[in-house]
């Protein structure tokens, strides 16, 4: 397949490496146009992939079979809209990011839209990307009209396993959102690795109760206990990890809070549900962000 990967951060480089190794034709797409992008990845087994790949070639984009978007949630909408007119109208766009809410911003996109969520963990260490842990990627249609692209899951399964297709991806996205609503803000506020959250079961349960109430009103069956158990599993499995939001806060970058607890707040408001704990966490992270964004440009840069 011919694939353009939009966003060449940790997750983007992980996919570029895996696609290259399987013989797919790939290019990266960078915010600041460059003729190539450097991919420098250390795999979980310690092997190194170090290549310069084509980047920002509009002719390549115009003949791509897939646009894989691995940007931060707040970067997605502007970036995808800027490329949509060059991309064939039949080429699916697969979004893989934390949080929810980008689909609502892309309702007018004509290409098939797919949503994904992944438990693969990768982080930047200087100029190198470390593939910290293998995981599973769930993908499915973002909107009712987006159809069956399960063949993509089969192809991507051979590239970076495991990949699973869901006709109802929204339920999976909500489960992942519950995890993100707990782990990301709490670790960002307390400046701690994921495992430290084990010591705060009441706080976790409080957040899960609020998230479960919203998920039920969204039409997906769940319970606070189920969500809590799932969150605790993820905390145990990723105990040593530094969450993406804490990494952003430490690097004085814009976080994805608007698409995590912020998205939950918007859906809660639509259903008339009070979510005081999620509101408190959202406001605390926004306050942290504003402290350094005021000192910098005052505004997050566009993608």
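Cβ atoms are placed via backbone N, Cα and C, with glycine included.
Listed in Swiss-Prot for this protein:
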type	residues	note
ACT_SITE	176	active site, proton donor
BINDING	7, 8, 9, 10, 11, 12, 31, 98, 122, 256	NADP(+) binding site
BINDING	98, 180, 184, 194, 241, 244	substrate binding site
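Everything Swiss-Prot records as a feature, shown here on the structure.
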residue : record                 : DSSP class
7       : NADP(+) binding site   : coil
31      : NADP(+) binding site   : coil
122     : NADP(+) binding site   : strand
180     : substrate binding site : helix
194     : substrate binding site : helix
241     : substrate binding site : coil
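In this structure, of the recorded positions 31, 176, the smallest number of CB atoms within 10 A of the CB marks 31. By a simple count of nearby Cβ atoms, those within 10 Å, the most crowded of the binding-site residues 180, 194 is 180.
When the alpha carbons of residue 98 (substrate binding site) and residue 11 (NADP(+) binding site) are compared, the span between them is 11 angstrom. Within 10 Å of the Cβ of residue 244 (substrate binding site) there are 24 other Cβ atoms, across all protein chains.
Counting other Cβ atoms within 10 Å of each Cβ, the lowest count among the binding-site residues 11, 122 belongs to 122. Put plainly, the binding-site residues 98, 184, 241 were compared by Cβ crowding within 10 Å, and the winner is 184.
Those residues of the chain, other than 98, 180, 184, 194, 241, 244, with a C-beta within 8 angstroms of the mean position of the substrate site C-beta atoms are 179, 183, 187, 243, 245, 246. Per-site Cβ counts within 10 Å over the binding-site residues 7, 9 peak at 7. Using a 10 angstroms CA-CA radius around residue 176 (active site, proton donor), none of the binding-site residues in 7, 11, 31, 184, 194, 241 qualify. The binding-site residues shown are 9, 11, 31; of these, the one with its CA atom nearest the CA of residue 194 (substrate binding site) is 11.
A gap of 16 Å separates the Cα atoms of residue 7 (NADP(+) binding site) and residue 244 (substrate binding site).
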